[in-house]
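S.K.: Dumping the structure here so I can ask a few things about it.
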Amino acid sequence: VGFKAGVKDYKLTYYTPDYETKDTDILAAFRVTPQPGVPPEEAGAAVAAESSTGTWTTVWTDGLTSLDRYKGRCYHIEPVAGEENQFIAYVAYPLDLFEEGSVTNMFTSIVGNVFGFKALRALRLEDLRIPPAYVKTFQGPPHGIQVERDKLNKYGRPLLGCTIKPKLGLSAKNYGRAVYECLRGGLDFTKDDENVNSQPFMRWRDRFLFCAEALYKAQAETGEIKGHYLNATAGTCEEMIKRAVFARELGVPIVMHDYLTGGFTANTSLAHYCRDNGLLLHIHRAMHAVIDRQKNHGIHFRVLAKALRMSGGDHIHSGTVVGKLEGEREITLGFVDLLRDDFIEKDRSRGIYFTQDWVSLPGVLPVASGGIHVWHMPALTEIFGDDSVLQFGGGTLGHPWGNAPGAVANRVALEACVQARNEGRDLAREGNEIIREASKWSPELAAACEVWKEIKFEFEAMDTL
(Lines of atoms letter the chains of each structure in order from A and count residues from 1; the text may use other names and numbers.)
(Lines give C-alpha, C1' and ligand atoms only; values in the text may rest on other atoms or scores of the structure.)
Protein backbone atom coordinates (compact mmCIF):
# COMPACT_ATOMS: atom_id res chain seq x y z
CA VAL A 1 0.00 0.00 0.00
CA GLY A 2 3.00 2.25 0.52
CA PHE A 3 2.04 3.95 3.77
CA LYS A 4 3.12 3.20 7.30
CA ALA A 5 0.08 2.50 9.47
CA GLY A 6 0.09 2.95 13.23
CA VAL A 7 0.37 5.63 15.87
CA LYS A 8 3.42 7.88 16.04
CA ASP A 9 4.33 10.80 18.28
CA TYR A 10 2.82 14.10 17.22
CA LYS A 11 6.14 15.81 17.76
CA LEU A 12 7.75 13.92 14.89
CA THR A 13 5.47 15.72 12.43
CA TYR A 14 4.11 18.80 14.18
CA TYR A 15 6.96 20.14 16.34
CA THR A 16 9.22 22.18 14.05
CA PRO A 17 11.44 24.51 16.11
CA ASP A 18 13.34 25.78 13.07
CA TYR A 19 10.21 26.86 11.15
CA GLU A 20 10.28 30.48 9.94
CA THR A 21 6.76 31.89 10.28
CA LYS A 22 5.20 33.38 7.15
CA ASP A 23 3.51 36.78 6.92
CA THR A 24 0.31 35.00 5.92
CA ASP A 25 0.27 32.50 8.82
CA ILE A 26 -2.24 32.83 11.63
CA LEU A 27 -0.15 32.59 14.81
CA ALA A 28 -1.51 31.42 18.14
CA ALA A 29 -0.06 31.45 21.65
CA PHE A 30 -1.49 28.67 23.83
CA ARG A 31 -0.94 28.22 27.56
CA VAL A 32 -0.54 24.44 27.80
CA THR A 33 -0.71 22.37 30.99
CA PRO A 34 0.30 18.82 29.95
CA GLN A 35 -0.74 15.72 31.90
CA PRO A 36 2.06 14.34 34.11
CA GLY A 37 4.61 12.50 31.99
CA VAL A 38 3.75 14.25 28.71
CA PRO A 39 6.74 16.29 27.50
CA PRO A 40 5.94 19.90 26.52
CA GLU A 41 7.08 19.37 22.90
CA GLU A 42 4.61 16.52 22.52
CA ALA A 43 1.83 18.57 24.13
CA GLY A 44 2.51 21.58 21.91
CA ALA A 45 2.69 19.39 18.82
CA ALA A 46 -0.57 17.69 19.81
CA VAL A 47 -2.28 21.08 19.99
CA ALA A 48 -0.94 22.03 16.55
CA ALA A 49 -2.03 18.69 15.08
CA GLU A 50 -5.50 18.45 16.59
CA SER A 51 -6.36 22.04 15.68
CA SER A 52 -5.23 21.62 12.06
CA THR A 53 -4.74 18.49 9.93
CA GLY A 54 -3.87 15.75 12.39
CA THR A 55 -5.73 12.85 13.92
CA TRP A 56 -4.64 10.22 16.44
CA THR A 57 -3.26 7.71 13.91
CA THR A 58 -1.68 7.81 10.47
CA VAL A 59 -4.37 7.54 7.79
CA TRP A 60 -4.16 6.31 4.20
CA THR A 61 -5.59 9.58 2.86
CA ASP A 62 -2.64 11.52 4.28
CA GLY A 63 -0.93 10.45 1.07
CA LEU A 64 -3.48 12.30 -1.04
CA THR A 65 -2.64 15.74 0.28
CA SER A 66 0.41 17.81 1.11
CA LEU A 67 0.85 17.83 4.87
CA ASP A 68 3.74 20.24 4.56
CA ARG A 69 1.42 22.77 2.99
CA TYR A 70 -1.55 22.38 5.33
CA LYS A 71 -0.36 21.30 8.77
CA GLY A 72 -0.27 23.54 11.84
CA ARG A 73 3.20 23.72 13.34
CA CYS A 74 4.30 24.21 16.93
CA TYR A 75 7.39 26.35 16.30
CA HIS A 76 8.37 27.52 19.80
CA ILE A 77 7.78 26.53 23.43
CA GLU A 78 8.67 28.47 26.55
CA PRO A 79 7.96 27.78 30.23
CA VAL A 80 5.57 30.15 32.03
CA ALA A 81 7.44 32.06 34.74
CA GLY A 82 6.28 31.16 38.24
CA GLU A 83 4.26 28.11 37.13
CA GLU A 84 5.67 24.61 37.41
CA ASN A 85 3.99 22.71 34.66
CA GLN A 86 2.75 25.38 32.26
CA PHE A 87 4.18 26.29 28.90
CA ILE A 88 3.40 28.79 26.17
CA ALA A 89 3.23 26.88 22.89
CA TYR A 90 3.37 28.98 19.73
CA VAL A 91 1.54 27.48 16.76
CA ALA A 92 1.53 28.68 13.14
CA TYR A 93 -1.43 27.83 10.89
CA PRO A 94 -1.30 28.13 7.11
CA LEU A 95 -3.86 30.63 5.81
CA ASP A 96 -5.51 28.07 3.53
CA LEU A 97 -6.94 26.20 6.52
CA PHE A 98 -9.54 28.93 7.07
CA GLU A 99 -12.60 30.15 5.21
CA GLU A 100 -12.39 33.81 4.27
CA GLY A 101 -14.45 36.20 6.37
CA SER A 102 -15.57 33.57 8.89
CA VAL A 103 -14.69 34.01 12.55
CA THR A 104 -16.87 30.94 13.12
CA ASN A 105 -14.64 28.74 10.98
CA MET A 106 -11.44 30.17 12.46
CA PHE A 107 -12.59 29.35 15.99
CA THR A 108 -13.95 25.93 15.07
CA SER A 109 -10.42 24.95 14.06
CA ILE A 110 -8.26 26.80 16.55
CA VAL A 111 -10.39 26.33 19.68
CA GLY A 112 -12.39 23.27 18.63
CA ASN A 113 -11.95 19.65 19.73
CA VAL A 114 -8.40 20.27 20.87
CA PHE A 115 -9.68 21.76 24.16
CA GLY A 116 -11.09 18.38 25.21
CA PHE A 117 -7.84 16.57 24.45
CA LYS A 118 -6.89 13.96 27.09
CA ALA A 119 -3.12 14.46 26.95
CA LEU A 120 -3.65 18.01 28.22
CA ARG A 121 -4.75 18.86 31.72
CA ALA A 122 -5.75 22.36 30.57
CA LEU A 123 -5.38 24.63 27.56
CA ARG A 124 -5.87 28.36 27.12
CA LEU A 125 -5.62 30.44 23.97
CA GLU A 126 -3.77 33.57 25.10
CA ASP A 127 -3.42 35.50 21.84
CA LEU A 128 -3.81 35.30 18.07
CA ARG A 129 -1.93 37.13 15.32
CA ILE A 130 -4.34 37.70 12.44
CA PRO A 131 -2.32 38.32 9.25
CA PRO A 132 -3.32 41.24 6.99
CA ALA A 133 -4.18 38.75 4.25
CA TYR A 134 -6.92 37.31 6.49
CA VAL A 135 -7.99 40.62 8.11
CA LYS A 136 -8.74 41.93 4.62
CA THR A 137 -11.43 39.26 4.10
CA PHE A 138 -13.53 40.81 6.91
CA GLN A 139 -15.75 43.88 6.81
CA GLY A 140 -15.07 44.53 10.50
CA PRO A 141 -16.96 47.15 12.54
CA PRO A 142 -19.96 48.64 10.70
CA HIS A 143 -18.68 52.21 11.14
CA GLY A 144 -15.83 52.62 13.61
CA ILE A 145 -14.81 55.39 15.97
CA GLN A 146 -14.42 58.37 13.63
CA VAL A 147 -17.66 57.79 11.73
CA GLU A 148 -19.52 57.38 15.02
CA ARG A 149 -18.24 60.72 16.32
CA ASP A 150 -19.30 62.37 13.06
CA LYS A 151 -22.78 60.81 13.25
CA LEU A 152 -23.21 61.95 16.86
CA ASN A 153 -21.36 65.27 16.45
CA LYS A 154 -19.47 64.69 19.73
CA TYR A 155 -15.72 65.21 19.97
CA GLY A 156 -12.92 65.53 22.50
CA ARG A 157 -14.45 63.55 25.36
CA PRO A 158 -15.58 60.05 26.30
CA LEU A 159 -19.26 59.30 25.64
CA LEU A 160 -21.63 58.65 28.54
CA GLY A 161 -24.10 55.79 28.81
CA CYS A 162 -26.45 54.13 31.27
CA THR A 163 -27.99 50.66 31.40
CA ILE A 164 -31.67 50.85 32.32
CA LYS A 165 -32.37 49.02 35.59
CA PRO A 166 -34.14 47.03 36.99
CA LYS A 167 -32.96 44.98 34.07
CA LEU A 168 -36.14 42.86 33.93
CA GLY A 169 -39.74 43.59 34.90
CA LEU A 170 -40.44 47.16 33.72
CA SER A 171 -43.31 47.72 31.28
CA ALA A 172 -42.41 49.26 27.93
CA LYS A 173 -43.88 52.64 28.83
CA ASN A 174 -42.06 52.91 32.17
CA TYR A 175 -38.90 51.72 30.45
CA GLY A 176 -39.19 54.49 27.87
CA ARG A 177 -39.76 56.97 30.67
CA ALA A 178 -36.50 55.95 32.36
CA VAL A 179 -34.69 56.31 29.02
CA TYR A 180 -36.09 59.81 28.52
CA GLU A 181 -35.06 60.99 31.99
CA CYS A 182 -31.46 59.81 31.53
CA LEU A 183 -31.02 61.29 28.07
CA ARG A 184 -32.64 64.58 29.05
CA GLY A 185 -30.23 64.87 31.98
CA GLY A 186 -27.14 64.82 29.77
CA LEU A 187 -26.19 61.25 28.84
CA ASP A 188 -25.37 60.39 25.23
CA PHE A 189 -26.73 56.86 25.34
CA THR A 190 -28.96 54.57 27.31
CA LYS A 191 -28.81 50.81 26.97
CA ASP A 192 -31.04 47.77 26.99
CA ASP A 193 -29.72 45.24 29.45
CA GLU A 194 -28.18 42.23 27.70
CA ASN A 195 -30.99 39.92 28.83
CA VAL A 196 -33.79 42.22 27.68
CA ASN A 197 -34.95 40.57 24.45
CA SER A 198 -38.72 40.08 24.12
CA GLN A 199 -40.31 38.78 27.31
CA PRO A 200 -43.95 38.58 28.44
CA PHE A 201 -43.72 41.77 30.53
CA MET A 202 -42.26 43.81 27.64
CA ARG A 203 -42.33 42.72 24.00
CA TRP A 204 -39.58 44.04 21.78
CA ARG A 205 -41.75 46.10 19.42
CA ASP A 206 -43.39 48.03 22.28
CA ARG A 207 -40.00 48.73 23.83
CA PHE A 208 -38.56 49.95 20.51
CA LEU A 209 -41.48 52.35 20.03
CA PHE A 210 -41.38 53.88 23.51
CA CYS A 211 -37.57 54.18 23.45
CA ALA A 212 -37.69 55.92 20.07
CA GLU A 213 -40.25 58.36 21.45
CA ALA A 214 -38.03 59.03 24.49
CA LEU A 215 -35.03 59.55 22.23
CA TYR A 216 -36.67 62.12 19.96
CA LYS A 217 -38.18 64.00 22.89
CA ALA A 218 -34.79 64.22 24.64
CA GLN A 219 -33.08 65.29 21.41
CA ALA A 220 -35.59 68.08 20.88
CA GLU A 221 -35.09 69.34 24.43
CA THR A 222 -31.30 69.19 24.63
CA GLY A 223 -30.25 69.91 21.06
CA GLU A 224 -27.85 66.95 21.23
CA ILE A 225 -27.99 63.71 19.30
CA LYS A 226 -29.05 60.85 21.58
CA GLY A 227 -29.06 57.07 21.25
CA HIS A 228 -30.52 54.03 22.97
CA TYR A 229 -28.97 50.61 22.32
CA LEU A 230 -31.98 48.59 21.19
CA ASN A 231 -31.12 44.95 21.83
CA ALA A 232 -31.89 43.03 18.64
CA THR A 233 -30.61 39.70 20.02
CA ALA A 234 -33.19 36.97 19.37
CA GLY A 235 -33.68 33.22 19.18
CA THR A 236 -33.16 33.07 15.40
CA CYS A 237 -31.09 35.14 12.97
CA GLU A 238 -34.23 35.99 11.00
CA GLU A 239 -35.93 37.42 14.07
CA MET A 240 -32.78 39.38 14.96
CA ILE A 241 -32.64 41.00 11.50
CA LYS A 242 -36.39 41.73 11.70
CA ARG A 243 -35.77 43.72 14.89
CA ALA A 244 -32.84 45.57 13.33
CA VAL A 245 -35.02 46.46 10.33
CA PHE A 246 -37.70 47.88 12.63
CA ALA A 247 -35.06 49.93 14.47
CA ARG A 248 -33.88 51.35 11.15
CA GLU A 249 -37.48 52.21 10.20
CA LEU A 250 -37.85 54.14 13.46
CA GLY A 251 -34.76 56.14 12.50
CA VAL A 252 -32.78 55.38 15.66
CA PRO A 253 -28.96 55.54 15.47
CA ILE A 254 -27.86 52.32 17.17
CA VAL A 255 -28.81 48.70 17.90
CA MET A 256 -27.20 46.11 20.12
CA HIS A 257 -26.24 42.44 20.10
CA ASP A 258 -24.96 39.86 22.62
CA TYR A 259 -22.22 38.45 20.42
CA LEU A 260 -21.16 35.39 22.40
CA THR A 261 -24.60 34.04 23.26
CA GLY A 262 -25.92 35.12 19.84
CA GLY A 263 -22.95 33.57 18.06
CA PHE A 264 -20.39 34.88 15.57
CA THR A 265 -22.39 33.95 12.48
CA ALA A 266 -25.40 35.96 13.67
CA ASN A 267 -23.15 38.80 14.77
CA THR A 268 -21.40 39.08 11.42
CA SER A 269 -24.75 39.09 9.59
CA LEU A 270 -26.01 41.87 11.84
CA ALA A 271 -22.79 43.88 11.39
CA HIS A 272 -23.20 43.70 7.61
CA TYR A 273 -26.82 44.83 7.89
CA CYS A 274 -25.75 47.72 10.15
CA ARG A 275 -23.14 49.00 7.72
CA ASP A 276 -25.53 48.75 4.78
CA ASN A 277 -28.20 50.67 6.67
CA GLY A 278 -26.27 53.25 8.67
CA LEU A 279 -26.89 51.75 12.12
CA LEU A 280 -24.20 51.73 14.79
CA LEU A 281 -23.76 48.40 16.58
CA HIS A 282 -23.19 48.07 20.32
CA ILE A 283 -21.82 44.70 21.45
CA HIS A 284 -22.32 43.15 24.87
CA ARG A 285 -20.05 40.30 25.96
CA ALA A 286 -22.46 38.24 28.12
CA MET A 287 -20.93 34.77 28.72
CA HIS A 288 -17.33 35.95 28.27
CA ALA A 289 -16.31 35.11 31.85
CA VAL A 290 -17.36 31.48 31.32
CA ILE A 291 -14.74 31.35 28.57
CA ASP A 292 -12.03 33.72 29.77
CA ARG A 293 -11.93 33.84 33.57
CA GLN A 294 -9.95 30.69 34.36
CA LYS A 295 -6.28 31.45 34.16
CA ASN A 296 -5.20 28.08 32.79
CA HIS A 297 -8.11 27.06 30.55
CA GLY A 298 -10.33 28.74 27.97
CA ILE A 299 -9.73 31.77 25.77
CA HIS A 300 -8.34 35.10 26.95
CA PHE A 301 -10.67 38.04 26.37
CA ARG A 302 -8.10 39.78 24.15
CA VAL A 303 -8.74 37.01 21.60
CA LEU A 304 -12.52 37.41 21.90
CA ALA A 305 -12.01 41.16 21.43
CA LYS A 306 -9.94 40.64 18.26
CA ALA A 307 -12.58 38.25 16.97
CA LEU A 308 -15.27 40.86 17.57
CA ARG A 309 -13.32 43.50 15.65
CA MET A 310 -13.21 41.09 12.71
CA SER A 311 -16.85 40.00 13.01
CA GLY A 312 -18.03 43.57 13.53
CA GLY A 313 -19.19 45.90 16.30
CA ASP A 314 -18.75 49.60 17.06
CA HIS A 315 -18.75 49.34 20.88
CA ILE A 316 -17.75 46.44 23.11
CA HIS A 317 -17.78 46.05 26.88
CA SER A 318 -14.21 45.73 28.09
CA GLY A 319 -14.11 45.97 31.88
CA THR A 320 -13.51 49.06 34.01
CA VAL A 321 -10.25 48.44 35.92
CA VAL A 322 -11.96 50.24 38.85
CA GLY A 323 -15.56 48.92 39.20
CA LYS A 324 -17.23 45.68 40.29
CA LEU A 325 -16.05 43.41 37.45
CA GLU A 326 -12.76 41.68 36.74
CA GLY A 327 -9.98 43.52 34.90
CA GLU A 328 -6.31 44.16 35.63
CA ARG A 329 -5.09 47.54 34.43
CA GLU A 330 -2.22 46.79 32.06
CA ILE A 331 -3.91 43.76 30.54
CA THR A 332 -7.18 45.65 30.04
CA LEU A 333 -5.33 48.53 28.39
CA GLY A 334 -3.59 46.00 26.15
CA PHE A 335 -6.81 44.73 24.61
CA VAL A 336 -8.35 48.22 24.61
CA ASP A 337 -5.50 49.22 22.28
CA LEU A 338 -6.12 46.10 20.19
CA LEU A 339 -9.70 47.29 19.77
CA ARG A 340 -8.96 50.94 18.93
CA ASP A 341 -5.58 51.22 17.25
CA ASP A 342 -4.50 50.35 13.73
CA PHE A 343 -1.11 48.88 14.66
CA ILE A 344 -0.19 47.33 18.03
CA GLU A 345 3.34 46.30 18.96
CA LYS A 346 4.05 43.05 20.76
CA ASP A 347 4.28 43.80 24.49
CA ARG A 348 4.41 40.87 26.88
CA SER A 349 4.04 43.12 29.93
CA ARG A 350 0.49 43.86 28.72
CA GLY A 351 -0.21 40.30 27.63
CA ILE A 352 0.21 41.07 23.92
CA TYR A 353 2.10 38.14 22.42
CA PHE A 354 2.18 39.30 18.79
CA THR A 355 2.43 42.49 16.80
CA GLN A 356 -0.98 43.05 15.18
CA ASP A 357 -1.56 45.11 12.03
CA TRP A 358 -5.26 45.78 11.37
CA VAL A 359 -4.56 47.36 7.95
CA SER A 360 -7.18 50.12 8.33
CA LEU A 361 -10.00 47.96 9.70
CA PRO A 362 -12.18 50.45 11.64
CA GLY A 363 -11.69 50.61 15.41
CA VAL A 364 -14.09 49.67 18.21
CA LEU A 365 -14.95 51.90 21.19
CA PRO A 366 -14.29 50.14 24.51
CA VAL A 367 -17.17 50.42 26.97
CA ALA A 368 -16.38 50.66 30.68
CA SER A 369 -19.38 49.41 32.61
CA GLY A 370 -20.10 47.74 35.93
CA GLY A 371 -20.14 49.21 39.43
CA ILE A 372 -18.73 52.63 38.54
CA HIS A 373 -19.89 56.00 39.90
CA VAL A 374 -18.90 59.68 39.93
CA TRP A 375 -15.84 59.20 42.16
CA HIS A 376 -14.38 56.90 39.50
CA MET A 377 -14.71 59.51 36.75
CA PRO A 378 -11.15 60.95 36.96
CA ALA A 379 -9.59 57.47 36.90
CA LEU A 380 -11.80 56.35 34.01
CA THR A 381 -11.04 59.49 32.00
CA GLU A 382 -7.34 58.93 32.53
CA ILE A 383 -7.31 55.19 31.89
CA PHE A 384 -9.58 55.05 28.85
CA GLY A 385 -9.02 58.46 27.25
CA ASP A 386 -11.45 60.14 24.87
CA ASP A 387 -12.27 57.17 22.66
CA SER A 388 -14.45 55.24 25.06
CA VAL A 389 -17.97 54.95 26.42
CA LEU A 390 -18.36 55.19 30.19
CA GLN A 391 -21.52 53.48 31.37
CA PHE A 392 -23.09 54.12 34.74
CA GLY A 393 -26.22 52.03 35.38
CA GLY A 394 -26.71 52.07 39.13
CA GLY A 395 -24.38 55.09 39.15
CA THR A 396 -27.08 57.08 37.32
CA LEU A 397 -30.36 55.46 38.35
CA GLY A 398 -29.27 55.12 41.97
CA HIS A 399 -29.09 58.89 42.45
CA PRO A 400 -31.23 59.88 45.45
CA TRP A 401 -33.17 62.45 43.38
CA GLY A 402 -33.85 60.19 40.38
CA ASN A 403 -32.59 59.45 36.88
CA ALA A 404 -32.26 62.91 35.35
CA PRO A 405 -30.28 64.37 38.28
CA GLY A 406 -28.16 61.19 38.21
CA ALA A 407 -27.41 61.87 34.55
CA VAL A 408 -26.62 65.52 35.31
CA ALA A 409 -24.16 64.46 38.03
CA ASN A 410 -22.29 62.15 35.65
CA ARG A 411 -22.15 64.70 32.84
CA VAL A 412 -20.89 67.45 35.16
CA ALA A 413 -18.24 65.11 36.60
CA LEU A 414 -17.11 64.09 33.11
CA GLU A 415 -16.92 67.66 31.77
CA ALA A 416 -14.97 68.70 34.89
CA CYS A 417 -12.46 65.87 34.40
CA VAL A 418 -12.00 66.59 30.69
CA GLN A 419 -11.50 70.29 31.38
CA ALA A 420 -9.00 69.58 34.17
CA ARG A 421 -7.07 67.20 31.94
CA ASN A 422 -6.99 69.75 29.12
CA GLU A 423 -5.61 72.30 31.57
CA GLY A 424 -2.77 69.91 32.31
CA ARG A 425 -3.85 68.73 35.76
CA ASP A 426 -2.99 65.23 36.98
CA LEU A 427 -6.25 63.28 37.17
CA ALA A 428 -4.71 60.37 39.06
CA ARG A 429 -3.46 62.58 41.90
CA GLU A 430 -6.02 65.39 41.95
CA GLY A 431 -9.10 63.41 40.91
CA ASN A 432 -11.03 63.68 44.17
CA GLU A 433 -10.26 67.38 44.43
CA ILE A 434 -11.52 67.99 40.87
CA ILE A 435 -14.82 66.23 41.63
CA ARG A 436 -15.21 68.14 44.92
CA GLU A 437 -14.67 71.49 43.19
CA ALA A 438 -17.24 70.66 40.53
CA SER A 439 -19.78 69.54 43.12
CA LYS A 440 -19.73 73.02 44.69
CA TRP A 441 -21.73 74.43 41.80
CA SER A 442 -23.72 71.27 40.95
CA PRO A 443 -26.12 70.14 43.68
CA GLU A 444 -26.84 66.98 41.65
CA LEU A 445 -23.16 66.03 41.69
CA ALA A 446 -22.85 66.91 45.39
CA ALA A 447 -25.71 64.53 46.21
CA ALA A 448 -24.12 61.74 44.14
CA CYS A 449 -20.75 62.29 45.84
CA GLU A 450 -22.40 61.91 49.22
CA VAL A 451 -24.20 58.64 48.37
CA TRP A 452 -21.20 56.79 46.94
CA LYS A 453 -18.32 58.15 48.98
CA GLU A 454 -17.65 54.86 50.79
CA ILE A 455 -18.27 52.29 48.04
CA LYS A 456 -15.41 50.05 46.95
CA PHE A 457 -15.18 46.74 45.12
CA GLU A 458 -11.71 45.59 46.09
CA PHE A 459 -10.62 42.03 45.39
CA GLU A 460 -7.46 40.65 43.85
CA ALA A 461 -7.72 40.49 40.06
CA MET A 462 -7.63 36.96 38.62
CA ASP A 463 -6.40 38.15 35.25
CA THR A 464 -2.72 38.61 35.99
CA LEU A 465 0.14 37.79 33.66
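Just so you know, glycine gets a Cβ as well, placed from its N, Cα and C.
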S.K.: Could you look at Arg203, Arg205, Arg285 and say which one Swiss-Prot places alongside Asn113, Thr163, Lys167, His317, Ser369 in the substrate site?
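M.R.: Substrate site check in Swiss-Prot: besides Asn113, Thr163, Lys167, His317, Ser369, the record includes Arg285 out of Arg203, Arg205, Arg285.
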S.K.: For the binding-site residues Asn113, Thr163, which one has the sparsest Cβ surroundings, going by other Cβ atoms within 10 Å?
M.R.: Asn113
S.K.: How many Å separate the Cα atoms of Glu194 (Mg(2+) binding site) and Arg285 (substrate binding site)?
M.R.: 9
S.K.: When you average the Cβ positions of Lys191, Asp193, Glu194 for the Mg(2+) site, which other residues in that chain have a Cβ within 8 Å of that mean position?
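M.R.: Along the chain, the qualifying residues are Thr163, Ile164, Lys167, Asp192, Asn195, Val196, Tyr229, Asn231, Met256, His284.
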S.K.: Lys4 (N6,N6,N6-trimethyllysine): which of the recorded positions Asn113, Lys191, Asp193, His284, Ser369 is the nearest Cα neighbour?
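M.R.: Closest recorded candidate to Lys4 (N6,N6,N6-trimethyllysine) by Cα: Asn113.
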S.K.: Between Lys4, Lys165, Lys167, His284, His317, which of the recorded positions has the fewest other CB atoms within 10 angstroms in the structure shown?
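M.R.: It is Lys4 that, of the recorded positions Lys4, Lys165, Lys167, His284, His317, has the fewest other Cβ atoms within 10 Å.
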S.K.: What is the one among the binding-site residues Lys191, Arg285 whose Cβ has the most other Cβ atoms less than or equal to 10 Å away?
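M.R.: Output for this query is Lys191.
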S.K.: How would DSSP class His317 (substrate binding site) in three states?
M.R.: strand
S.K.: Looking only at Asp193, Glu194, the binding-site residues on record, which one has the least crowded Cβ, with the fewest other Cβ atoms within 10 Å?
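M.R.: Checked Asp193, Glu194; of these binding-site residues, fewest Cβ neighbours within 10 Å: Asp193.
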